Amino acid sequence: MALPYSCIEACRLSTNGADEWALIAASGTRLVVQSSSGAYTTWPPASGSAVGDTEAEGPPGKKIKLSDPSENTSNFSCLALTHDQKHIIAVTAEDKCIRVFRIDTEFQLQQLSQRCMTRRPCAIAMTSDDSTILCADKFGDVYSLPLLPGPEDEQIRSPSVEQSEAAGEKAFVPAASVLTVHSGRNRRVLEEQLKQAAKGPKKPKEGPTFKHDLLLGHVSMLTDIAYANVNGRSYIITADRDEHIRVSRGPPQAHIIEGFCYGHESFVSRLCLVGPDRLVSGGGDPDLFVWDWTNFELLGKLHLRDAVLRFLREQPDLAARVPEDANSFRIAVSGIWHVPSEANEILAACEGIPALFSFRIGISSTAEQCIVLTGNALDVTFIRQSQTGCTAVVSVDNVHVRVSTTERREAEATSRLEYFSYRPGGQWEQDAETGRAFERISQSGGHADKEASLMTSTTGSEKALGAILYGIENLRKRPDSDD
Amino acid sequence: MPGEPAKRQKREAYKSSVESEEQQAALPKKKFYRQRAHANPFSDHCLAYPKSPKDMDWASHYPAYAVQHDSAVRTEDESHDAAQVSSRRAISKPVEIADIGCGYGGLLFALAPRFPDTLMLGMEIRISVTEYVQEKVRALRTQNAATNGFQNVSCIRANTMKFLPNFFSKHQLSKIFLCFPDPHFKQRKHKARIVSYTLSSEYAYVLRPGGIVYTITDVEDLHRWMVEHLEKHPSFERIGEEEQEQDECVHIMRSETEEGKKVTRNGGQKFVACFRRVEDPPWP
């Protein structure tokens with residue numbers, strides 16, 4: 001089985017004046033890189049090929065083991081490219097790690113650092129100068145980390161500091177006293193604390209030893225983060241499960257909230273900046289919202305659910321999935337992407353829907369085009385072929401049945417990636433040429449089989465796979481009764 | 001649990017009697033509204049909250065301050081609904097004081113007569129306790145109908161840790177009270193505390209520059225925690241002892257809150273700290 005690519009990024013490298021592109025895709029616990037000239041590498045490097053070279057077509061340099069790869073048993077959940085395209089930041093879910101890789105001239109990934117957070121990161125963004133990673137976590141907090149750990153980090157990590165900390169630890173004094181009047185429950189907690197104290201000091205919990213600064217936080221699960229620079233002012237925009245889109249100042253004034261974009265009635269799962277002052281947000285609501293976010297003003301809505309329903313009805317094999325009462329149909333937005341060559345064109349995807357929907361912001365609130373895919377849309381990245389056109393690379397679910405997030409296909413689809421090019425003023429069309437250039441990374445059989453066998457052992461059950469690929473609908477609140 | 005049905009029955013009987021017998025002026029009995037002292041601020045609950053401050057129906061909470069739109073709009077059936085909605089929402093002045101975690105409302109009912117022209121709102125996450133305060137507001141308004149007393153106080157059920165900015169717009173409030181909050185002794189529950197560095201940004205957002213956050217607790221450790229987190233926040237500066245003691249709100253907070261009275265009865269200590277919201281610095 002070849003796992004689908006949960007995330008994908010495209011990066012451009014200029015070598016000897018010629019532009020070369022590479023796709024970097026995350027599949028389970030591995031990263032795969034293929035360049036348009038055919039170079040193909042993985043991280044961690046495949047252990048078999050590191051010893052005996054069985055693939056003749058690869059460049060000779062690619063087999064070098066650059067870091068200790070044996071440990072990664074966590075699945076990649078998030079990728080972000082620096083603006084200068086020299087580094088890629090990857091988040092692994094289970095171990096809560098932020099890894100920074102350098103992309104070298106032969107499109108090899110060299111891991112520079114691996115920093116494990118205390119809470120699982122759910123989205124990352126880069127500041128515009130590429131110096132700082134902004135990490136939003138499931139606990140609602142945003143931390144800033146330097147892209148490249150500086151020398152001061154080494155100091156923090158030195159054991160002498162830890163020792164002195166341990167020595168300086170005070171004897172336990174309970175926070176409450178018998179005089180504090182509280183419920184019986186609290187009194188029991190106090191008794192428990194005293195009992196624990198009698199057993200001797202607890203081992204101090206290992207916090208991160210690297211530099212990381214708390215910038216801001218919501219009392220809610222964060223779902224996405226964006227960084228913007230407008231007229232010399234920097235902003236951090238954060239979205240949460242409780243319908244909020246918060247606009248804060250950028251560091252070093254991230255503690256100041258400038259305002260909120262109010263209007264969502266369900267969770268917000270994705271933010272997408274379009275130009276400097278337009279923001280498109282989506283989540284559990286039927287529409288995408290278009291904001292003049294610096295003024296916290298809703299400009300309009302894009303009717304995404306209508307587009308999804310229209311698409312399903314038009315597909316003979318999927319029409320049955322449309323409920324009789326179309327209003328009860330729910331979508332969960334899994335991606336919104338700004339098309340780089342166009343000022344106001346965006347693509348949107350919903351969880352478990354095998355299509356992309358294009359909208360033109362400020363022109364129409366209905367979808368311009370529906371791009372039909374062979375599997376559920378997972379992620380999109382863009383290769384900019386020329387000044388005027390670009391190609392969307394779409395990662396599709398080759399494992400699950402179309403429109404299902406749980407049901408396995410009987411036979412795997414042959415491709416994990418699809419390619420569509422955009423012609424100015426026109427339409428998205430299948431781009432077979434780019435597809436051929438990236439055939440190796442796209443295919444799901446053949447070469448992929450070998451790496452797949454490595455992955456099944458680590459990713460385990462169907463449920464785990466579903467959790468990696470489809471977590472958005474779970475953000476929806478269920479009516480509960482804990483009053 | 002045995003005993004539960006009887007308790008619920010009694011409560012229901014009591015509550016229906018309050019409604020049916022038109023005991024408008026009778027104060028509610030606290031024993032029918034007790035609820036365990038803790039709520040999980042992270043859970044979703046079944047909360048009602050406005051999409052934004054603009055969507056808040058304030059007039060239903062402060063009917064004496066409701067702005068009546070010209071009745072001409074309401075003449076026809078067709079425009080009836082829309083007109084009513086808008087006339088119900090608007091009030092002549094915004095709420096300026098929020099008592100977060102107001103409990104049974106002791107502080108609010110003491111503050112209301114001292115600041116008769118300032119609208120104040122209690123916010124409480126426990127549903128029964130909120131009902132008690134609402135009933136008490138209704139009763140006190142009826143009792144003081146002649147003087148229009150207690151028209152400036154109301155209470156809503158809310159999880160302010162999640163939804164404070166849904167109720168108040170930027171710089172709307174002049175005072176926020178955090179009285180005897182749940183101490184959340186356990187380390188891993190510290191994020192559930194009502195004061196944290198990150199949550200202070202939301203308090204700063206709804207408070208106007210010069211506005212004050214009042215905190216009081218009988219748990220010294222929590223006091224130190226609140227001071228540490230609010231002092232660390234660049235939008236707040238601690239108010240000095242002298243100025244603090246000149247503020248009559250501090251005295252009311254010490255003596256009039258339910259917990260404050262309880263602590264006095266038990267001979268416990270009360271720790272007060274107040275913080276002024278400073279002006280935002282210019283953009284860097």
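Just so it is clear, glycine is given a Cβ too, placed from its N, Cα and C backbone atoms.
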For the S-adenosyl-L-methionine site, TrEMBL lists B:Glu124, B:Ile125, B:Asn159, B:Thr160, B:Cys179, B:Thr257, B:Glu258, B:Glu259; sort out which one of B:Gly101, B:Gly210, B:Gly240 goes with them.
B:Gly101
How many angstrom lie between the most widely spaced Cα atoms of the S-adenosyl-L-methionine binders B:Gly101, B:Glu124, B:Ile125, B:Asn159, B:Thr160, B:Cys179, B:Thr257, B:Glu258, B:Glu259?
20
Looking at Cβ-Cβ distances, which residues of the chain lie under 8 angstroms from B:Ile125 (S-adenosyl-L-methionine binding site) while being 6 or more apart from it?
B:Ala39, B:Pro41, B:His45, B:Gly101, B:Arg157, B:Ala158, B:Asn159, B:Thr160
Under 8 Å Cβ-Cβ to chain A, which of the binding-site residues B:Gly101, B:Thr257, B:Glu259?
B:Glu259
For B:Asp182 (active site), the same-chain residues 6+ apart in sequence with C-beta under 8 angstroms from its C-beta are B:Ala37, B:His38, B:Gly101, B:Ala192, B:Arg193, B:Ile194
Name the residues of the same chain, 6+ apart in sequence, whose Cβ is under 8 Å from the Cβ of B:Glu259 (S-adenosyl-L-methionine binding site)?
B:Gly103, B:Cys179, B:Phe180, B:Asp218
Within 10 Å of the Cβ of B:Thr160 (S-adenosyl-L-methionine binding site), how many other Cβ atoms can be counted across all chains shown?
27
